[in-house]
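Engineer: This is the structure I want to talk about, given as structure tokens.
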Amino acid sequence: MAKEPMRVLVTGAAGQIGYALVPMIARGVMLGADQPVILHMLDIPPAAEALNGVKMELVDAAFPLLKGVVATTDVVEACTGVNVAVMVGGFPRKEGMERKDVMSKNVSIYKGQASALEAHAAPNCKVLVVANPANTNALILKEFAPSIPERNVTCLTRLDHNRALGQISERLNVQVSDVKNVIIWGNHSSSQYPDVNHATVKTSSGDKPVRELVADDEWLNGEFITTVQQRGAAIIKARKFSSALSAASSACDHIRDWVLGTPEGTFVSMGVYSDGSYGVPAGLIYSFPVTCSGGEWKIVQGLPIDEFSRKKMDATAQELSEEKALAYSCLE
Ligand code: NAD
Ligand code: LMR
């Protein structure tokens, strides 16, 4: 029997990531090739005409799984009945704007949209925040939507995770699908800590540690980390726009694994509400290694943490605590 359609909200749908993301969702990349979807697309009034153009293209593409499209500038209409919410909309940093100005604009958007989601989304709606500052926007959304379970509010660090897999695959000249269990700890910012201490590569004689195969700790503890940390800036420099297709694809990976489960023996990185695991202060949205099953994520426990990692994990937690304080000062 055909499945009931799931309603998927994409905010900022007239933007660059939105334009890459909505066809992926309509093709089944996010929720599976047998899962019909109804797309809810939200943007702001100045982008309404462009948003309507995206809707026209979705109709023209005749996606078999796409059972309906809502394109609106009304946040309540956009949020009504949605099962998955991908929050991409936000205010970009403009010339002359201070970090605090960008933070101020975005956290007030996320405070407002939290209330609309809380009041109108389907029960158990899963939320993924993509827009920057992603961890702190997600935290504000969680705190201003108290009836949405905290485990349902996450942010995107899967792009950083995939970037780390890509760097290892290029360095070792192996298939990216044979590399697994890298970890992104912390913030989706240049303070994040990409960690390969538990990562492996599938070889003809079984899974081998990345550290053993790369055999160059100087590279793994230096250039590898900074390349992943600064990849977003490198893409902006090259394209003059921030990453879009890789962000959209990673958002699909994040939701697909959350809803349909991670493969046995594989963990992925998700920004989730900290419960104090690994000594990370509770009350931050922090990227951890997780496994998913039955629609729930679980932080991978018991991984040994060396002194080098500890310092980097603490530094990115410290940055998130400062962002949280700044966000609250903006909302006062
Ligand atoms: P964009 O500027 O092309 O698109 C953003 C869209 O959001 C625009 O269409 C804008 O009109 C809309 N918007 C603004 N305010 C809104 C509101 N209140 N409600 C709904 N829509 C609103 O930007 P983009 O390149 O698509 O990037 C979107 C966000 O994602 C940015 O914040 C970017 O920094 C972030 N990003 C995050 C990651 C990640 O891995 N977490 C990766 C890449 C980009
Ligand atoms: C990215 O990681 O590509 C983006 O978050 C960069 C940005 O500032 O938009």
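Each residue, glycine too, has its Cβ placed from N, Cα and C.
What TrEMBL says about a protein is an automatic prediction, not a curated fact.
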Engineer: Let me know which member of Asp34, Asp43 TrEMBL also records as binding NAD(+) at the site of Gly12, Ala13, Ala14, Gly15, Gln16, Ile17, Gly18, Asn106, Val130, Ala131, Asn132.
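Structural biologist: Looking at Asp34, Asp43, the one TrEMBL places in the NAD(+) site next to Gly12, Ala13, Ala14, Gly15, Gln16, Ile17, Gly18, Asn106, Val130, Ala131, Asn132 is Asp43.
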Engineer: Which one of these recorded positions has the most other Cβ atoms within 10 Å of its own Cβ: Arg93, Arg163, His188?
Structural biologist: His188
Engineer: Averaged across the domain 'Lactate/malate dehydrogenase C-terminal' (157-325), what pLDDT does the model get? Just tell me the whole number, please.
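Structural biologist: Mean per-residue confidence for the domain 'Lactate/malate dehydrogenase C-terminal' (157-325): 97 out of 100.
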Engineer: Whole-number answer please: how many Å between the C-alpha atoms of Gly18 (NAD(+) binding site) and Asn132 (substrate binding site)?
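Structural biologist: Their Cα atoms are separated by 14 Å.
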Engineer: Arg93 (substrate binding site) to Asn106 (NAD(+) binding site): how many Å between their Cα atoms?
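Structural biologist: Cα-Cα distance, Arg93 (substrate binding site) to Asn106 (NAD(+) binding site): 10 Å.
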